[in-house]
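Q: I'd like to ask some things about the structure below.
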Amino acid sequence: MDGDGDPESVGQPEEASPEEQPEEASAEEERPEDQQEEEAAAAAAYLDELPEPLLLRVLAALPAAELVQACRLVCLRWKELVDGAPLWLLKCQQEGLVPEGGVEEERDHWQQFYFLSKRRRNLLRNPCGEEDLEGWCDVEHGGDGWRVEELPGDSGVEFTHDESVKKYFASSFEWCRKAQVIDLQAEGYWEELLDTTQPAIVVKDWYSGRSDAGCLYELTVKLLSEHENVLAEFSSGQVAVPQDSDGGGWMEISHTFTDYGPGVRFVRFEHGGQDSVYWKGWFGARVTNSSVWVEP
């Protein structure tokens, strides 16, 4: 017989005894495992021989967590590549975090820039009232209390700075306040980063009055330690918005915390407002699109 395989077994699977089948399966299971080890060793040897620019491109295609948790443990060469700037600059470029051809000298720590950029988002929940007062704490309902209204509202204007913003919080004839406390570690920012690098923490808020009534507005932001001691603070003080000021237009207030020292674990954001004419209803300061960002 000139066919492939053993002529006694080809085309006759029914003649194989039950005792022989487990042995054949066991042998088949052992061979792939050995083969996998050989293939892995061959692949590692091949990668180790790659020129550095090519190896960097191979590594840059892997998830960041695998690079830090696994690849840097493979060998000294890989550890140096994972800890170095060129790999993370390449990942930043590939994922659109920096323009192609970015200059390496622009930053000292591209790995840190990468992880901060991937985490970058508004850390405040429900900043525009889409979920009523959900996510806000220490809510003070002075006068008739807070109310969520649709833009532009009575005697107000549209919020042209961000088309996605559709609502705002309106305050009343006595002070209305609300706050949020952000746990930075729970949001993915680790102790060493906060204590050593101290990335910039940027706070922004938008407020407005009505064209038919004056109002007061205030913003206070505190950086707190693990035991809620105040390590840094910003306060706008009471800002008076006179009647007919900018036709009820929206104004931005912002502050950037830098070099705030080690130990910061929480950010407490609090703002509030009231009207200055003491009219029943919701003639006080309006707030929306509040934000807290940790910048790369």
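Glycine residues also receive a Cβ, built from the backbone N, Cα and C atoms like all the rest.
Okay, so Swiss-Prot annotates it like this:
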- ARG210, SER211, ASP212, TYR278, TRP279: carbohydrate binding site (BINDING)
- 16-40: compositional bias 'Acidic residues' (COMPBIAS)
- 44-91: domain 'F-box' (DOMAIN)
- 113-296: domain 'FBA' (DOMAIN)
- 1-41: region 'Disordered' (REGION)
- PHE173: site 'Important for carbohydrate binding' (SITE)
Q: Counting by DSSP secondary structure, give me helix, strand and coil numbers for the domain 'F-box' (44-91).
A: 39 helix, 0 strand, 9 coil
Q: Relative to the Cα of PHE173 (site 'Important for carbohydrate binding'), which of the binding-site residues ARG210, SER211, TRP279 have a Cα no more than 10 Å away?
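A: Checking Cα-Cα distances against PHE173 (site 'Important for carbohydrate binding'), the binding-site residues within 10 Å turn out to be TRP279.
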Q: Enumerate same-chain residues with a sequence separation of six or more from TRP279 (carbohydrate binding site) and a Cβ-Cβ distance below 8 A; give 'none' if the list is empty.
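A: Non-local contacts for TRP279 (carbohydrate binding site): PHE173, ALA213.
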Q: Rounded to a whole angstrom, what is the largest C-alpha distance between any two of the residues ARG210, SER211, ASP212, TYR278, TRP279 that the record assigns to carbohydrate?
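A: About 15 Å separates the two most distant Cα atoms.
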Q: Would you pick out, from the recorded positions PHE173, TYR278, the residue whose Cβ has the largest number of other Cβ atoms within 10 Å?
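A: Highest number of other Cβ atoms within 10 Å: PHE173.
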Q: Report the same-chain neighbours of ASP212 (carbohydrate binding site): residues 6+ apart in sequence with Cβ closer than 8 Å to its Cβ, ordered by sequence.
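A: Listed in sequence order: ASP154, SER155, GLN243, PHE283.
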